[in-house]
Amino acid sequence: MNRFIDRVVLHLAAGDGGNGCVSVHREKFKPLGGPDGGNGGHGGDIILEVSPQVHTLLDFHYHPHVKAPRGANGAGDNRSGARGEDLILEVPAGTVVLNSKGETLADLTTVGMKFIAAAGGQGGLGNAALASRARKAPGFALNGEPGEQHDLILELKSMADVGLVGFPSAGKSSLISVMSAAKPKIGDYPFTTLQPNLGVVEVGHQTFIMADVPGLIPGASEGKGLGLDFLRHIERTSVLVHVVDTASMDPGRDPISDIEALEAELAAYQSALDEDTGLGDLDKRPRVVVLNKADVPEALELAEFLKGDIEQQFGWPVFIVSAVAQRGLDPLKYKLLEIVQQARKKRPKEKLAESVIIKPKPVDGRRRREEFEIRKDPDNPGGFLVVGEKPERWILQTDFENDEAVGYLADRLAKLGVEDKLRKAGAQTGSEVTIGGVTFEWEPMTSAVDTAASPRGTDIRLEKNERISAAERKRASQVRRGLIDEFDYGDGEEASRERWEG
């Protein structure tokens, strides 16, 4: 028998974006072919999709770690990398997606509804896409962004029309087994039912879904017994059925006190709910009372004696049944179908399935200077933190082994206004500035126009000294005259220094 799993924690890692390519077009008789490096492919997304063939979260219980494929790197001749294949995870209808803080992100109630649980990283731009008037043939490309990585909680709330509630051993499992094709475990001891059971009840040509949850006891809304874990399965039900054991011999218990105790637990659970199901609060939903075990003579006598009192006190319809003898079930079925049909008419019409997407907020150029802030670094006296989505993404895209790429990053940060704000915040040349996970020694940069003469892959602004030293001029002259070999530095300390400077 398959286990019913209604809560799991998923560890998700979407695919990383592919890196852009650095390439220069080479063709006969075309000496200035220009850059032709392609862009990297988008990383694969992780998507949750509601499937009618799935009824539990069991698969995720055994395989909670999920990783999507990465995008392919770009290539020369303007060839973009392939997009990483999206990974689709099928979930049952009624799945609620929460983040690690317990905040609801999506409620998947309709077959075919999709939710992008983790977005893949954007592919990096190739040098062809980075060409500009200042950089006609960039010698660098952008790295792909990493895919989103986080944990999500999936909770399953049954999409049943009728919910059976009652004390342990009240006969709920027996009742659902004779009213539907469900085959729950049945025993003559408390808490036989350890997981919710669902069954489809047929009434003529009409059907409705019934849910049997584990028995509730006083304090269930506070975590006692098994009730707290399974009360979520009655949140979406249109009608609640109190199944009362009229044959119970427990001291201090009677049908009316059982109903009052269960109503108190439902009211306490309702106060913790913040979801609008369109059905109203639990305390306002229709109720039906089922006095069970009428096959026992004493129980039948007690049920007939209390039936009028219960109807008068609570105002709910009361049915006397025997699940074992299968007596009194048809009137109960028709009454439940009538209430369910009325509730379905009142329920708001479901919208067409829509994809709910978790992704970085769109960038609005008009708010460019409001998209980051400068803070004092609490762990580094005299240091500064640049906090913002856009600069942190740029850090991830930068290849720090390439000076030209670093210079491009500096230009982007300056254009965003980071340098101006750092200067106003008191940053000085040499101050340590941290963006994302990278720390720099801040030095104000000149305009990107000055880099036009830089060889590919370099940025003259990053050189320690733009002037050629006397030793370098002397050595270049000796090489031209053939007095020394270009790679012959000789021996000794002076030669070592010249080798390092050259």
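Positions of Cβ are set from backbone N, Cα and C atoms, glycine also.
As recorded in Swiss-Prot, the features of this protein are as follows:
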- 2-159: domain 'Obg' (DOMAIN)
- 160-341: domain 'OBG-type G' (DOMAIN)
- 166-173, 191-195, 212-215, 292-295, 322-324: GTP binding site (BINDING)
- S173, T193: Mg(2+) binding site (BINDING)
- 364-444: domain 'OCT' (DOMAIN)
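Taking each of the binding-site residues K172, K293 in turn and counting other Cβ atoms within 10 Å of its Cβ gives the largest count for K172. In the three-state DSSP assignment, the secondary structure recorded for K172 (GTP binding site) is helix. According to DSSP, S322 (GTP binding site) is assigned to a strand segment. DSSP places the residues of the domain 'OCT' (364-444) in helix, strand and coil in these numbers: 37 helix, 16 strand, 28 coil.
On a Cα basis, S173 (Mg(2+) binding site) lies 13 Å away from K293 (GTP binding site). Summarising model confidence by region, the domain 'Obg' (2-159) averages a pLDDT of 90. In this structure, the C-alpha atom of G166 (GTP binding site) lies 11 angstrom from that of S173 (Mg(2+) binding site).
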